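Structure first, then comments.
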């Protein structure tokens, strides 16, 4: 409803829309609070998860929504790694797991409580509930799940004067909204939550300023950030909570590509030595047509990134040990060899006879297998294909589908989701 007014109403020098501002605020705040495990209640099309996944701090991002079909289509599409995420793999040194669940935010679900989230986020969700259901989501969120932090965003009805709703006979910004709070109503609700559940407000703010009048009528979207107050918690009694037990269906689990510190280090070693060998002028030529580039340990030690970043200044034994440890990895069908004080890169001659061609093909397959072992950190997370999508079931029928996403080798290809996806 408000999209038609964005150009005329909102002030933003770089042209960000209000929903983008909300996501930007949430991502920035979660980063400042050092949250690693978060739940997005009412995740919808998973646009917020897409934004959060670009941060390297998170280890788990879960999304919950009542609309399973939406999660299976747009949700999965937005939550899976894109080209940016695959480029991030070399910077992400821990696994990021994204889980999408179909279920109600009004029911208590032990599986979600067991995740021990650092933060739970409600972005433009609460206004879609019936007024009587607000109390239920309060109980579930602040009484049952009890994360350390809670972020809630909702429309500010005071700001609606700029939308000319009366002339159009419109009451709320969206036809599915059951109510919209004024700034005063929102603050009163936040205060009651703190009193009833042992939380405190650490920030009350918003996003979306009017183009000419600024925050005269507040922000377009109002935001509150709660933090659990451990001093009050021991005096609270949650026995009166009568939430119904609920069930959830896990729509998918997505494992983001990452590179452990050891893998990252080994790759840097290989890349640095290959570069040094590539630019060296020293070369041996053999009768069979093969040739060999080589360099000395002292030449490698002179490389600034090796001596500084690897903390091995002058320690030739340590450098030799590193090189020996990585000598098993083959790169571009050529092998590193370590002999005495020299490091060499061997290039095989062109093979003409059929026997040698078969041997070369076999060697090439071995090379590919070893490269896969090097670049893919976990067989359960990665495969030689970009994506494998399969359906399965368990005894408790909790898990229905699973996505295993691997690191891309070239560029992403556009695909359509089917029962089985392989690309």
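Using the three backbone atoms N, Cα and C, a Cβ is placed for every residue, glycine included.
Source: prediction; values computed, not measured.
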Which one of 23, 177, 210 goes with 124, 127, 128 at the Mg(2+) site, as Swiss-Prot has it?
177
What is the nearest of the binding-site residues 124, 127, 128, 177 to residue 104 (S-adenosyl-L-methionine binding site), using the Cα of each?
128
Do me a favour and check the Cα-Cα span between residue 124 (Mg(2+) binding site) and residue 65 (S-adenosyl-L-methionine binding site); whole Å is fine.
13
Looking only at C-alpha atoms, tell me how far residue 65 (S-adenosyl-L-methionine binding site) is from residue 128 (Mg(2+) binding site), rounded to the nearest Å.
12
What are the other residues, in sequence order, whose C-beta lies within 8 angstroms of the center of the C-beta atoms of 124, 127, 128, 177 at the Mg(2+) site?
125, 126, 129, 154, 155, 172, 174, 176, 178, 180
If you count Cβ atoms within 10 Å of the Cβ of residue 124 (Mg(2+) binding site), leaving out that atom itself, what do you get?
20
